[in-house]
Amino acid sequence: MVFDFGTLLASLNRLSTSDHQSVVSINLFVALICACIIIGHLLEENRWMNESITALVIGLCTGVVILLISGGKNSHILVFSEDLFFIYLLPPIIFNAGFQVKKKSFFRNFSTIMLFGAVGTLISFIIISFGATSIFKKWNIGNLEIGDYLAIGAIFSATDSVCTLQVLSQDETPLLYSLVFGEGVVNDATSVVLFNAVQNFDLSHINTSKTLELVGNFLYLFASSTILGVVTGLLSAYIIKKLYFGRHSTDREVAIVILMAYLSYMLAELFYLSAILTVFFSGIVMSHYTWHNVTESSRVTTKHAFATLSFIAEIFIFLYVGMDALDIEKWRFVSDSPQLSVQVSSILLGLVLVGRAAFVFPLSFLSNLMKKSPEERISFNQQIIIWWAGLMRGAVSVALAYNQFTRGGHTQLRANAIMITSTITVVLFSTGVFGLMTKPLIRLLQPSPKHLSRMISSEPTTPKSFTVPLLESTQDSEADLGPNVPRPHSLRMLLSTPSHTVHRYWRKFDNAFMRPVFGGRGFVPFVPGSPTEPSGH
């Protein structure tokens, strides 16, 4: 048998060329991320632009350059991978959202946030799905099944409120900021749960029992994913509290916190649950218990590590979206009918506007009925800002669209290509146009801080700070509440005075049962050289 050295050398040469191309792609992408950070920093003062819009613009410009260099054959340097997004990029973004959430404001407005984030998203999902089914079936788009139309509803129900959050002040408008931020996170989780429920369900024969089964599947995913996130967070707190990693090495402490956070996400994937919901609530629990159990240096390290990973992942995603917007392979399918592509994108954008308005204003009215204090009620101007904040679409919508309508980042079906290009068009238009209009709109509609002075939170002003524990504040301490706080006699009173009812009872339970076992604020980690070990209380 004669060994062909020529064939071996040729194979090695092709492999070497492929590896070199990957290195070139990675170098270019890292350089672009650096450019986004630098430009975003230079534009920080006027706050008209943010890193998301900057990354989209740079991605578009880079795509044009690559398109010209490649002779119109390609516009991006990386092929979209579902594993890359769902396994590596999405977890740090969602976990950091839960880890940095202002828990006092979040749970004070929890009922309203859940109304908007869960019930509102469900309403938007129904309207967008029904509208897309009614309109697109009459057009010559291609072969789309009922599962595809329901997936469209979930895809375009996922919001991206980063532009609004960068303009709002957490100190001047704590209620508005809390509602926009909280609803945005719960909305993303609910959209993904809906998307997974639709994908894992037989939709060939829809009837009443099937619909109820779909709702039951949704509720099961929502509840079980939340419970898994809480359990994983508590487990990490218990391990760190009992083993005192910091007495020997803060590196081990930081490593176990980061790995346990990632484990919560992967466990949800393993059990076919909603990983996005699991890792979000894991982040909330870990910031309340686990983070307080580590040493001071580990707290600073983990805080900035999670924020940095989330920041880079978001820029990476928007850069790719900007490049992929010019992907020739997908636009080739709609090149013969560009008018149809514009019509589809316009209809989807219109359904987003209608679906958003259909729940923001009615649910705000319902929420206001349960609020006694005028400062806690959502004014009409604030309702408009909340409606506007949810009009922008971002990374989650793009990822879900790729998951539904492509295989490995590629598609050969006309209908699927139309939906991908339409999704990218809606994301680009909503983020670019609506994002740029956000600041003047908020300046026009935002109420005077004087009207909200009583509601200013005692939490730190920076959204990247995690020094305030869950549901605890110097303003709402047990001493401030006093011994004669009235007990709730109705559901309305329970919801309208949460800081005097739900929060008070939770603090009692937390101090009596949870913190002695899982640590948290007040727990002093063991420090080498200390004369005594901490009690954990």
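Quick reminder: no glycine exception, Cβ is built from N, Cα and C everywhere.
Those TrEMBL annotations? Automatic predictions, nothing curated.
Bear in mind that the values here come from a model prediction, so they are computed numbers and not experimental data.
Residues or ranges marked as domain 'Cation/H+ exchanger transmembrane' in TrEMBL: 31-442.
Residues or ranges marked as transmembrane segment by TrEMBL: 20-43 (among others).
Sequence-distant neighbours of the transmembrane segment (55-72) (same chain, 6+ residues past either end, Cβ-Cβ under 8 Å): 28, 32, 35-36, 39, 314-315, 318-326, 328, 428, 431-432. Residues annotated as transmembrane segment in TrEMBL: 55-72 (among others).
Residues of the same chain lying 6 or more positions beyond the ends of the transmembrane segment (84-101) and with a Cβ under 8 Å from any Cβ of it are 181-182, 185, 188-189, 261-262, 264-266, 269, 275-276, 279-284, 286-287, 291, 306-307, 309-310, 313-314, 316-317, 395-396, 399, 402-403, 463-466. According to TrEMBL, the feature transmembrane segment maps to 84-101 (among others).
According to TrEMBL, the transmembrane segment annotation covers 113-137 (among others). Sequence-distant neighbours of the transmembrane segment (113-137) (same chain, 6+ residues past either end, Cβ-Cβ under 8 Å): 106, 144, 146, 149-150, 152-154, 156-157, 178-179, 182-187, 189-191, 194, 222, 344, 347-348, 351-352, 354-356, 358-360, 363, 366-367, 386.
Taken from TrEMBL, the feature transmembrane segment applies to 218-240 (among others).
Counting same-chain residues at least six beyond the ends of the transmembrane segment (261-285), those with a Cβ under 8 angstroms from any Cβ of the stretch are 86-87, 90-91, 94-99, 101, 103, 185, 188-189, 192-193, 196, 200, 221-222, 224-226, 228-230, 232-234, 236-237, 306, 470. Residues annotated as transmembrane segment in TrEMBL: 261-285 (among others).
Beyond the transmembrane segment (305-323), the same-chain residues lying 6 or more positions past its ends with a Cβ under 8 Å from any Cβ of the stretch are 29, 32-33, 36-37, 51-52, 55-63, 66, 75-78, 80, 85, 88-90, 92-93, 95-97, 99-100, 162, 254, 258, 261, 394-395, 398-399, 424, 427-428, 431, 464. Sequence annotations record features per position, and here TrEMBL assigns transmembrane segment to 305-323 (among others).
Residues annotated as transmembrane segment in TrEMBL: 344-365 (among others). Same-chain neighbours of the transmembrane segment (344-365): 112, 115-116, 119-120, 123-125, 127-128, 131-132, 135-136, 139, 141, 152, 156-157, 378, 383, 386-387, 390-391, 393, 418-419, 421-423, 425-426, 429-430, counting only residues six or more beyond its ends whose CB sits under 8 Å from a CB of the stretch.
The feature transmembrane segment is assigned by TrEMBL to 385-405 (among others). Below 8 angstroms of C-beta separation, residues 52, 80, 82, 85-86, 89-90, 93, 116, 148, 151, 154-156, 158-165, 168, 176, 179-180, 183-184, 187-188, 191-192, 195, 199, 314, 317-318, 321, 352-353, 356-357, 360-361, 364, 378, 411, 413, 416-417, 419-420, 423-424, 426-427, 430-431, 434-435, 438, 441-442, 445-446 of the same chain, each at least six residues beyond the ends of the transmembrane segment (385-405), sit close to that stretch.
According to TrEMBL, the feature transmembrane segment maps to 417-437 (among others).
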